[in-house]
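One structure below.
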Amino acid sequence: MDATATATAAATDSAATDDQSPSAAITRWKFEVSRQYQHLLDKTTPFVLYRWIGFFVIALIYVVRVYFVEGFYVVSYGLGIYILNLLIGFLSPQVDPEVLELSEGPTLPTRGSDEFRPFVRRLPEFKFWYSITKAFCIAFVMTFFTAFDVPVFWPILLFYWVVLFTLTMRRQISHMIKYKYVPFSFGKQRYNGKRAAESTSLSED
């Protein structure tokens, strides 16, 4: 019994020592910081307008920084490519209608009498805002390190990005027209109780 009690006490002391070790303290600190950070992000979810105003302020600060430094054009080009990729995800449906059409037939409403299906994005608005804001913050920090200031003729990068943006948006708009969807809620059909009651009475007649 004494040996068992001694072993148990030793194991308890070892566990307590592990909990008080620097690595365990750092792990707990990281978990708490991550939890608090996620809590703050969750609280900002309903405030769409204020979130985007904050983003535009951060983007303006980055643009002013690059303008006065007169460098880091490669960083800006990479940021532009990343933003374009996020924008495509934001404007695209969660499930490609072309794939559904091949496997299950047409799924989007094509007539006014068809059932309305809300547009579900591949990249939700909050994730789009969070990713683009984080990208600008990272790019802003990178402008303080000369290793990222690669000499380059920036008009070529700007021209290439504009061409890439034009071709990508043209393909995306063609995809929207072909499958008859709009990635925004403006002008979409809405139903209220009065209209539903009228439809029910007509069907009964």
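Numbering starts at 1 and runs along the chain as displayed.
Using the three backbone atoms N, Cα and C, a Cβ is placed for every residue, glycine included.
No curator has checked TrEMBL annotations; they are predicted automatically.
Positions annotated as transmembrane segment by TrEMBL: 48-68 (among others).
The feature transmembrane segment is assigned by TrEMBL to 74-92 (among others). Through the fold, the transmembrane segment (74-92) approaches residues 66, 121-123, 125, 128, 131-132, 135-136, 139, 142-143, 148, 150, 152, 157, 161, 164-165, 168, 172, 175-176, 183 of its own chain, all at least 6 residues removed from its boundaries and within a Cβ separation under 8 Å.
What TrEMBL records for 128-146 (among others) is transmembrane segment. Proximity of distant same-chain residues to the transmembrane segment (128-146), defined by a Cβ-Cβ separation under 8 Å and at least 6 residues beyond the stretch ends, is recorded for 41, 51-52, 54-55, 58-59, 61-62, 65-66, 69, 71-72, 75-76, 78-79, 82-83, 86-87, 89-90, 121.
Per TrEMBL, the feature transmembrane segment maps to 152-169 (among others). Sequence-remote contacts of a segment are chain residues at least 6 beyond its ends whose Cβ falls under 8 Å from one of its Cβ atoms, and for the transmembrane segment (152-169) they are 73-74, 76-77, 80-81, 84, 88.
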